[in-house]
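Q: Below are the structure tokens for one structure; questions will follow.
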Amino acid sequence: MASVLRAVFGYAFLVFMVRVVGRRPGKQMTPFEFVLIFFIGGLTLTFVVGDEASFTNAIGQIMTIAILHYLIAWARTKSSAFARLTDGTPLVLLEKGQWRPLAMKGMRIADDDVMASARDKELKSFDEIEYAILERNGEISIIKASEML
Amino acid sequence: MAQPIYRKAVEDTVPKVNNEIAVGEDVEFQRKWWKFEKLVWAAFICFVLLDLAGVFGRGPLSKAHLATADGTVNVSYERVQRTGTPSTLKVEFRDRAIRNKQIRLWAGEDLVSKLGNKQIAPQPATSAVGDGGLHYTFPATTEPAEIVFSLQPPSPGLYDLSLGVDDFPAFHFKILVMP
């Protein structure tokens, strides 16, 4: 019972922490962000597992987290408000040659992060970008100026 | 017979930016979230500062000290402890507390059952159950003599602990065990 509750709390706590810490995992993950994700995950394990290193405990906790994950994924499809809470909303970072400084500052994203994504699309400078959008999964989508013609 | 494949017409449900690209941006929600984030970061900083100070145990504010009026018996312990984390409770004896090179100490049962007393140094010469706790006798050849109880609380809670030494008023105090 206690181990299942610890798993529930650990999962909810990790989801909340990752949500608050920022939306830059995935393709944009830098080495220091790797450290963050693994360190937070490792520390959470210490209290979730505790001294109950049994097979039964591990299976019970894994299934608890699987059910929670399923429920959250299901709730996201049913409620856009819940989806915004768990994943955030896409944000336009650059729009027709104009930065959106509040979005950049708020999401702790630098212009070279946008340029890195632009280079991925074989663009050489900012003026070739029509839109740069920070997606909910942390990736930056680039819409080329030429694509909008 | 095979079931017909259910189909639904695609609707333009994702709001567009500049009426040309469907992004689904919700700037108003994001502004509220950033305000919430600021509060969360402030709460994180407060939590860490309180943690460093020892409000949640293992810091200066968690350390406590009790003594008899004449300073003959001194008790040092952590008033806030953490589940599964080792800590010590030290009792120091001087003068009149040592009789015939012996110390007689009574400890409430929470010391073992709730606070997880694992070890006593030095080992008591005798120990007996009684009066809702344990009676210990320790040999004491030098002064001051110190007895150290190694604790490792198994579960969180607020526990009452009592310690008594012959001819001295008993100590009654509370220990909070954090999850």
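Including glycine, each Cβ sits where the backbone N, Cα and C put it.
Checked TrEMBL, it gives:
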TRANSMEM  A:6-22  transmembrane segment
TRANSMEM  A:29-49  transmembrane segment
TRANSMEM  A:55-75  transmembrane segment
DOMAIN    A:78-147  domain 'YetF C-terminal'
Q: Can you work out which residues elsewhere in the same chain, 6+ from the ends of the transmembrane segment (A:29-49), have a Cβ less than 8 Å from its Cβ atoms?
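A: Residues 3, 6-7, 9-10, 13-14, 17-18, 21, 57-58, 61, 138.
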Q: Kindly report the helix/strand/coil residue split of the domain 'YetF C-terminal' (A:78-147) according to DSSP, in that order.
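A: The counts are 31 helix, 18 strand, 21 coil.
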